[in-house]
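Presented below is the structure to which this report refers.
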Amino acid sequence: MMLVLNICLILLTSTKLVLADYYSDYECNTPLFSRAALSATSSMNERGPKEAVLYGANAWSARESDFEQYFIFDLGQPMNITRIWTQGRPFSNEFVMEYRISFGSNGLDYSPYREAGGEAMMFAANVDGDTVHKNEFDVPIIAQWIRINPTRWRDRISLRVELFGCEYEADNMHFNGTSLLKYDLFRDQVSALKESIKFRFKTIAPNGILFYSRGTQGDYIALQLRDNRMLLNIDLGSGVVTSLSVGSLLDDNIWHDVVISRNRRDILFSVDRVVVYEKIKGEFQRLNLNREFYVGGVPNIQEGLVVVQNYTGCMENFYINSTNLFKEAKEAVNYGDSFKYERVHTLWNCPEPQIVPVTFKTQHSFARLKGYEGMAAMNSSFAFRTFEDNGLMLYHAFSTSGYVAIYLEFGKLKVELVSPNNPKVIFDNFDEQFNDGRWHSVVLTIQTNKIIFSVDYRPMTTTRILKIVTGSLYFIAGGVTAPLGYSNTIFPGFVGCMRNIRIDGNSKLPTDWTKEEYCCGEEVVFDACHMTDKCNPNPCQHGGVCKQNSMEFFCLCKNTGYSGAVCHSSINPLSCVAFKNVQAVGQRAEIKIDVDGSGPLAPFPVTCEFYANGKVGTVLHHSNEETTPVDGFQEPGSFIQDIHYEADDDQIAALINRSTSCRQHIQYACRGARLMNSPSEENMFQPFSWWVSRHNQKMDYWGGALPGSRKCECGILGTCTDPTKWCNCDGQGPINADIWLVDAGDLQDKESLPVKQLRFGDTGNALDEREGRYTLGPVICEGDDLFNNVVTFRVADATINLPTFDMGHSGDIYFEFRTATANAVLFHSTGPTDYIKLSIVNGNQLQFQYQAGSGPIAVIREVSYRLNDDHWHSVSVERNRKEAMLVIDGALKAEVREPPGPVRALHLTSELIIGASIDFRDGFTGKYFT
């Protein structure tokens, strides 16, 4: 029996950055259970929320064990919460193994506690009913309401719990769009290598300037809200701006936490614990600010700002390093420092805006509101935000006959009108799509012979013969099954958020609706916009475009070079050798290769050459392959030519490092122009011309010679025109000054290739006869070490033990195998509860089994031919946020969707065992290509 595998493991994970370092470390660990009002979505008899006391004799037990169970704390006021301890039900196997936490300020506006990558954090919990499991929050939670949502449990959801924290002290400042706080830096100039800025904010405005400052040397830092996302622009004086963006749907009137921390050119930017990390462009490391530091707005437009509106909303506890700027400004008058601060139209408290949103969570939820009946004109308006393509937003039946409807169709906003004695007419006035998750305002006015439809303050007026008599009811977000559109389609109800609903001039606050005016129960949420931007951070890899609806996201992978549910799998071969293994080839092929598969390096174009001896060459071209003259550059190295390849430095390094051999031909033809200025001692090497390696090193040899030799090929072979010189071009004198000589050869040192730059000199001036001409060929590599290593297993319990494979949320394993074994384990790895395992079964079936928090899942693909036929077969195994996939021989595919509920990262702790199970069973004998 023989099994041969050719393996390439590729992993995509995001680095977790800890934010705890940017928050003050002080004692804040008072138990909070006893002060809280407790509730739960369901409870068993005599196991209510009050029984959930840590170390108590009982526990809270949910009546139903499903993902919709919540244990809720109302702490009475906003608190600073630092840790949580949990237990299960004592002396039982009823306990929670994992849970999520969300928090809010009014019991409706819950936000999830997120990881640095943007996913809702899954907190590890108990392993039995009695042991206390402790979790600390890297970033403290500031909230009045805390909601615990069990996502994994044993036997039944049962919980004992304690929160720890302390009272929260807030220094607030309100800005109304014309406000600002100015801090004078003329006396307290800033010249810092590092700083930290953190604060909280809430707003209903999608755009606004949160803070800005600049210096006289060109430095500036600007934080802005743009289209409800946070944008940070910073320049340390180099004249090149570095932009970082994070967050989404931030105009929801919910408190959001912001952290900006810089250490020289390294900068961390976080909103609600979602982190982006960047290297600031330029060479400078200090931020020099010596003008004003503005918070909440600026008096005039400044460099680095892309929005023009000042901020509208509230900010809280604005810290610059350890200084609370709001507190200092408030107390400045007491310390004689009031001259440092200037407040313009700001308030020290946070008045709530008189805007009440409502969330329609399903297609079956709607509102039925009354208007004036029997009127000859109507006026309705509302603002909405949604990610759905289709949905009925407003429907009103006239008291005579006919109706008017506003609806979304494929993201476009349309109005349909049927009036007495008039056929159906559809107004499609706006070309753009409005299902982008942003707030949009809609106003519809109908009167005799006139219709005005306005979207985002752009009115469209239509004049036609028209007369209506209004009915009594207006249906908002659905509730009607009338066919709409030219295709007479029954449109689903609107799913998303609305606010500022007005009918006939009267505001219809959702909090004033009676139970008879809306449907249905928990499908409508008042005073909160419950929407999640599933595309932020972007779950689509490799530049895939993310789209979403209220249930899930979708990745558009067109023109990325990748495929799959999250654009993870490369559609290009790993190399020209891999291309030849799966394709019928001729002498040459122009293709793209992806040297790291699903890794971060993008595919790039190459020419594959297939030689008669079976070898395969990979040709990487650049933009200067034609012969180029050099004339009039006398000083050494004064002519400079940068070489630009059809791949970047990282792509080229990966190709060269994995190739068996590489070469690049270089040639210099000269007439009276010297090249290396040979001979020379090592410490006296002063050439007229040279080439620069990929590591930016000035190289001391020419093509065909050896590194460090300071020679050309003729100097190595002893064939130079002048035997006393080491290059042909160095031997030119008055006698042969008008003769063309050539130094040429291949550069073959993989560590130095490719040529990154060429430098030439000693070519006289434009009036003499001295001249040079250079020619640099493409990089040509042969072989692929990925396919060259063979490991033979001669006993059934032989294995390859690779390091732990951190598959995370997205990962894949690709290999090729050849075997005569009908049943065997190809690889296996486990964690405390999770695992991955791939097996060949009955010689014609592959089974990929895994578990990621929930129950075991299997992806099975059976083929019509034998996989144990002692021929090569390729296998790709992928698991991502949406599905698991198994592909055999590049074409035969099987997919299994992830089950409903939170998507968990695979947590593996064992080695990745190749050739057997983790306990060395079901092994095989054979060979691996690795």
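Yeah, the Cβs are placed from backbone N, Cα and C, and that goes for glycine too.
Any TrEMBL annotation is an automated prediction that lacks curation.
If you look up TrEMBL, you'll see 28-166 marked as domain 'F5/8 type C'.
Sequence annotations record features per position, and here TrEMBL assigns domain 'Laminin G' to 170-350 (among others).
Under the heading domain 'Laminin G', TrEMBL lists 356-529 (among others).
Residue counts for the domain 'EGF-like' (531-568) by DSSP state, with H, G and I taken as helix and E and B as strand, are 0 helix, 10 strand, 28 coil. Annotated domain 'EGF-like' per TrEMBL: 531-568, in sequence order.
Feature annotation from TrEMBL assigns domain 'Laminin G' to 789-930 (among others).
Among the features that TrEMBL reports, signal peptide is placed at 1-20.
Using a Cβ-Cβ cut-off under 8 Å and counting only residues 6 or more beyond its ends in the same chain, the domain 'EGF-like' (531-568) has close neighbours at 12, 117-118, 229, 246-249, 252, 274, 359, 361, 385-389, 437, 495-497, 592, 594, 598, 602-603, 810, 812, 878, 880-883, 885. Broken down with DSSP, the domain 'F5/8 type C' (28-166) shows 6 helix, 75 strand, 58 coil. Within the model, the domain 'EGF-like' (531-568) carries an average pLDDT of 91. For the domain 'Laminin G' (789-930), the DSSP-based tally of helix, strand and coil residues reads 0 helix, 71 strand, 71 coil.
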